[in-house]
Amino acid sequence: MTAVELEAVVCHEPDESELNHFSDNGAKTVVYQLLDQKSSERRWLSERFLRWRRRYLPVDGDNRRDHGSVKQSGPLVSGAAYCISSCSMIILNKIVLSSYNFNAGISLMLYQNLISCLVVAVLDISGMVSVEKFNWKLIRVWMPVNVIFVGMLVSGMYSLKFINVAMVTILKNATNIITAIGEVYMFRKRQNNKVWAAMFMMIISAISGGITDLTFDAVGYSWQLANCFLTASYSLTLRRVMDKAKQSTKSGSLNEVSMVLLNNLLSLPFGIILIILLGEWRYVISTDVTKDAMFWVVATASGFLGLAISFTSMWFLHQTGPTTYSLVGSLNKVPISLAGLVLFNVPLSLPNLFSILFGLFAGVVFARAKMS
């Protein structure tokens, strides 16, 4: 029953035919009094209902206000989901690659993406989600995004292998700078002076952090720099390709679940080719760590988180934009850095700790500058 229909029922007035059952004038008087009382009660209920409806089921002008609050809460919810999945993913990947000393980042990426594909396929078969039918036109449009996606995942794996979590999160600030510059050239979006000042602070923190890093590794830093470029390129390209990809489908739409499946499904052949070319499959077959049951538990959990971060990142990017997507990623560096320092017993010097804290502060300044 709709709100309008419910209101009509509550506001219904007594019919005159109800009095035809009484012939006595005195009885009619009593009945009129009872009906007046009943009508008064109904009017009171109607007023209460209207007040409740305006508060919880707004219509017309109020409806626009309600939609506005939902629209405002959308980025908040999607951003929180993205942060939680992102933080958990980085910590678990660090455990798999460093704590278990697993030297096959591409194989781990392939396993995680395979899990994502299987989970989405099961949800689609069970009718819990709806997945768009893919065609070659859509695949051709999406291919650039997928190539960058694979590069982003692989470079992120190898940077985590060689660099501690705290420094990885600080160095990721460079992604914000690259993304903001890309927005200027690709989307003609201007950044205010506060944003550029915050970016300068990020550069200073990244340079000072690298100089004072007691566990500095040139290979790891190179992988992280590549990851920053690829992550920025991914968010910018994804934003640009989304509308074109929707036009390449039969229905003219492409929901987040379909994008997640498309991204992970297309990454499988790329991963297999890289594993064969780099000879990583020999290591996976011969290493003892793959015989450890707990290793597979952690790796599988990271696979489920890979699906979560794929979904939440696209959801959040739909709600906001590439720069906001990157700045929220910079804000969640605070819990990631603290957790990384505590969980992995990272050796620290006072200047390096100061650089990390300064980088986190620069991320907060950047966020405030973007919100102003």
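Glycine too: its Cβ is placed from the backbone N, Cα and C atoms.
Taken from TrEMBL as is:
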DOMAIN    82-357  domain 'Sugar phosphate transporter'
TRANSMEM  108-129  transmembrane segment
TRANSMEM  141-160  transmembrane segment
TRANSMEM  195-212  transmembrane segment
TRANSMEM  259-281  transmembrane segment
TRANSMEM  293-317  transmembrane segment
TRANSMEM  350-369  transmembrane segment
*Would you call the transmembrane segment (195-212) and the transmembrane segment (350-369) in contact, using three or more Cβ pairs under 8 Å, pairs 6 or more apart in sequence?*
yes
_With CB pairs under 8 Å as the measure, which of the listed stretches 141-160, 259-281, 293-317, 350-369 comes out on top against the transmembrane segment (108-129)?_
259-281
_Can you work out which residues elsewhere in the same chain, 6+ from the ends of the transmembrane segment (259-281), have a Cβ less than 8 Å from its Cβ atoms?_
104, 106-107, 109-110, 113-114, 116-117, 120-121, 124, 131, 134, 138-139, 142-143, 145-147, 149-150, 153-154, 242, 245, 306-307, 310-311, 314
